[in-house]
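Asker: One structure, pasted below without further comment.
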Number of protein chains: 2
Amino acid sequence: MGVGCSSSLPPTVNNPHCSITFPHTSAHTNPTSNHLPINWLARAHLQKPTKSPISKRLFTLDSARKTPTLKCGRTAQMEIEGGSDSKPILDLHSLDDNLVQKMVYDALVWSSLHGLVVGDRNVQRSGTVPGVGMVHAPFALLPTVFPENQWKLACEVAPIFNELVDRVSLDGKFLQESLSRTKKVDAFTSRLLDIHSKMLEINKKEEIRLGLHRSDYMLDEKTKLLLQIELNTISTSFPGLGSVVSELHRSLLKNYGEHLGCDVNCTPSNDAANRFSEALAKAWIEYNNPKAVIMVVVQPEERNMGGHAIAVIYFRAGYAPTDYPSEAEWRARLLMEHSSAIKCPSISYHLTGTKKIQQELAKPNVLEKFIDNKEDIAKLRKCFAGLWSLDDADIVDTAIEKPHLFVMKPQREGGGNNIYGDDVREALLRLRKDGKEQNAAYILMQRIFPTDSATFLVRDGSCHKDHAVSELGIYGAYLRNKDKVIVNERSGYLMRTKVSSSNEGGVAAGFAVLDSLYLT
Amino acid sequence: MGVGCSSSLPPTVNNPHCSITFPHTSAHTNPTSNHLPINWLARAHLQKPTKSPISKRLFTLDSARKTPTLKCGRTAQMEIEGGSDSKPILDLHSLDDNLVQKMVYDALVWSSLHGLVVGDRNVQRSGTVPGVGMVHAPFALLPTVFPENQWKLACEVAPIFNELVDRVSLDGKFLQESLSRTKKVDAFTSRLLDIHSKMLEINKKEEIRLGLHRSDYMLDEKTKLLLQIELNTISTSFPGLGSVVSELHRSLLKNYGEHLGCDVNCTPSNDAANRFSEALAKAWIEYNNPKAVIMVVVQPEERNMGGHAIAVIYFRAGYAPTDYPSEAEWRARLLMEHSSAIKCPSISYHLTGTKKIQQELAKPNVLEKFIDNKEDIAKLRKCFAGLWSLDDADIVDTAIEKPHLFVMKPQREGGGNNIYGDDVREALLRLRKDGKEQNAAYILMQRIFPTDSATFLVRDGSCHKDHAVSELGIYGAYLRNKDKVIVNERSGYLMRTKVSSSNEGGVAAGFAVLDSLYLT
């Protein structure tokens, strides 16, 4: 199995060098990474997938103590895959500074040796030349405790969300109508809809459809529910680094587990990068042209189309207005959409990932249009946070009254633009004055108050302890050729953790450290 | 199997944290590394050992052309392990700049992801904090062509050298007598001999003996012989990075092999770090005290003996006079020698690695004292370069006449102190004037003129082409408990390459890039 890129390059999935005209959002301005010159494709196949039986252990972080204590005990209903239920009750251990320092040291060495590195934004060259000015990626020293039942739910719904995206993407009318008012106030969505309209006009069919998604969740403290933040259908980031952090944590738990009283099997292994690569490779196989290549849209200013047939176009850029500084980029996007190449994502998949569609799908009786299985619908609903259009006068009244219970989300991708707290009231009052039209640029969402816990955050070689909140992303890969579903799976996960006080709500990637899970 | 380090640490070979009093030569002053905070122990178990059938291909670097061409063809007697001999004759390919740039880019990304990194000496903190200020280790872009028969010879003699070191180490009288005159002129060797004498006096027996050696060779252009430069018995460096570079080259040949017309199987895989770790772990097992730890002597100023029983002492420092700035270090060395711990190396092993002993062993009828098997003796002799004591008046006359055919080597470890060219004449004339005593501080060695070839050297993110020479090191591990030889093996290799004009003779590590072999 191979995935070619250009005739002068060998057919391997690790070598997708081709690039076209999209000025990728400069990594310097992108808080998501320390301008990382290494994409997840290069990270694929680094990790051996390992079977990880999940055993249940009680694991709490006692944040009241200055030095947190990891308490591990046996739960009443211990379930160990293939094992007995007679594990001994674990003693309590205190996590002393000396042990923390040893673990930090080991973790930093491990990071250096296993590619858990990014370009250091303080070193100019690191943004363009790989292999220089590297620093470890920021990470949480230990995995974050997470309820296993919620993890299982998130895993279960991943393929249902994959299927949902596919079904919604086929309903051009639904997409156009749902976004018709957003179109008027959001220039970017409008341009995407224009491309989508043109495809509808010529009745363009995408027989092979590839989705590499990530559904993001937070655990709501009060309700103990795992609520969806958003569903990303384009340029889903961090499958590579996320996978490596899980391995780091598994390595630490393996070496220090006895001292911590923890079980390495409570941290699930994570092969998101490999799963995504395999899905890309399988899409290439479905395209069935051995000379065709996979094109990755990433680089600024590079306009080389190469003259090669393109089997798959993977968008690592193209999701933000700044990725289209001129008409040339829009023409290129249209050209790609016209082509027979498999787009990841197609314009329909891209639009299906908009917040407005997320909100539309949360309306009563909408999921039912796309999914038959009632159990599946119930599972998806369970993850839906409260989502409302600003046309809903009652909810707007409530939000003006209790703004801290809501988040206002603009249609724009990328996070960091959300409105919280008293700003919600102000924004709603201003919109009320300005007239209805601008309502469509936002949705209102229930504010999630995630559980916070003591965490050791490691950045730039230093460790500090703070209270932090986490966001869990579940990757999903979907590949379909006509009626044949070739891939529909959960493909690993991403846990990001940030200091609770560092900004309001959400886990803006720029402030977050990479993390993994400790299931209880 | 586990190797403990301290009671607060888990029993794993990857965690030898203990350290004692030896001020390690500051990495800043050590040209061997860009003050690398990661030792090879941490790098162990990174590589999957892979079987590598060696197939023979013709591979030449046409250095007359500005852009070198890799010519690959079939040799008359092609031998492919377990394969057929019907491989097609390969076409010629030119190595164009574009391809080189692609390979350099891939190699740099690969380095970042696979731990082929060192601390950047331009970043102060990188010497003390792991995970920050990293840069890829300097490497040759492609492996260096090397004759397979010489490689096989070097591999074959590795266990014989291991055995030789062990036998010589048991002959205390031989060591003392051979080094008796060196003792008078070399203060460092003198101190080592003092410790050795004390052990002889108390009739100290080392029943479990562990050696982690590296025998270094250069290929002599005229004679086409592989001649031994030296045999290292203490602190043998680079098993970790050396292993990773072989994997880098194998990865490049795998991806670009068709374009280069090369076969990945011509580059042997290399698991030196794992082999050495396993030998250490096996030594720990032989010691047979589950609570005992492995102590690694590395860190400056750290005087923590930990209070734990020590099963194995691994010296990553202690080979240079600067490692013993006060009597405290010598007392510690003596204490360790007195102890029941397995020393790697013992004082006897250490002394056996001196240049004087190398020269003594090269004398007629000396090998025969230690080795019975005549074939083994013949193989060792084949690798011996001409080696002479300065007491040999005839050879000194010849060297004064033709100084460019000789190298003068002081007893001091670490390289970089050798005397070449006209300086040999001057030094010999000066010694002749000063009297016989100082003769013992040096040996004379046949100057080896290694084959030079065009090479792409990659440093600090940039690649440049130059003529270069290489030095091949073969690692050997030896473990014995009384009459039982537990390990006696070749344990991987190290290839270092440097620009031929960068200094005279030898491959001083500070100027060299890491490399691997392409066997023909």
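Glycine is no exception: its Cβ is also placed from the backbone N, Cα and C atoms.
The feature substrate binding site is assigned by TrEMBL to A:ARG214, A:ARG496. The feature Mg(2+) binding site is assigned by TrEMBL to A:GLU230, A:ASN232, A:GLU413. Annotation comment: TrEMBL describes A:GLU230, A:LYS355, A:409-418, A:TYR420, A:445-448, A:GLU471, A:LYS498, A:GLU504 as ATP binding site. According to TrEMBL, the domain 'Glutathione synthase substrate-binding' annotation covers A:308-351.
Give me the lay of the land around each of these features.
Answerer: A:ARG496 (substrate binding site) falls within a strand when secondary structure is assigned with DSSP.
Packing around A:GLU230 (Mg(2+) binding site) is summarised by its Cβ count: 20 other Cβ atoms lie within 10 angstroms of its Cβ, all protein chains included.
According to DSSP, A:PRO410 (ATP binding site) sits within a strand segment. Other C-beta atoms found within 10 angstroms of the C-beta of A:PRO410 (ATP binding site) number 15, with every protein chain shown included.
Note on the domain 'Glutathione synthase substrate-binding' (A:308-351): DSSP counts are 20 helix, 9 strand, 15 coil.
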Asker: Sort the binding-site residues A:ARG214, A:TYR420, A:ARG447, A:ARG496 by C-alpha distance from A:ASN232 (Mg(2+) binding site) and give me just the closest.
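Answerer: For A:ASN232 (Mg(2+) binding site), the closest Cα among A:ARG214, A:TYR420, A:ARG447, A:ARG496 is found at A:ARG214.
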Asker: Pull out the binding-site residues from the set A:GLU230, A:TYR420, A:ARG447 whose C-alpha sits within 10 Å of the C-alpha of A:ARG214 (substrate binding site).
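Answerer: Those close enough are A:GLU230.
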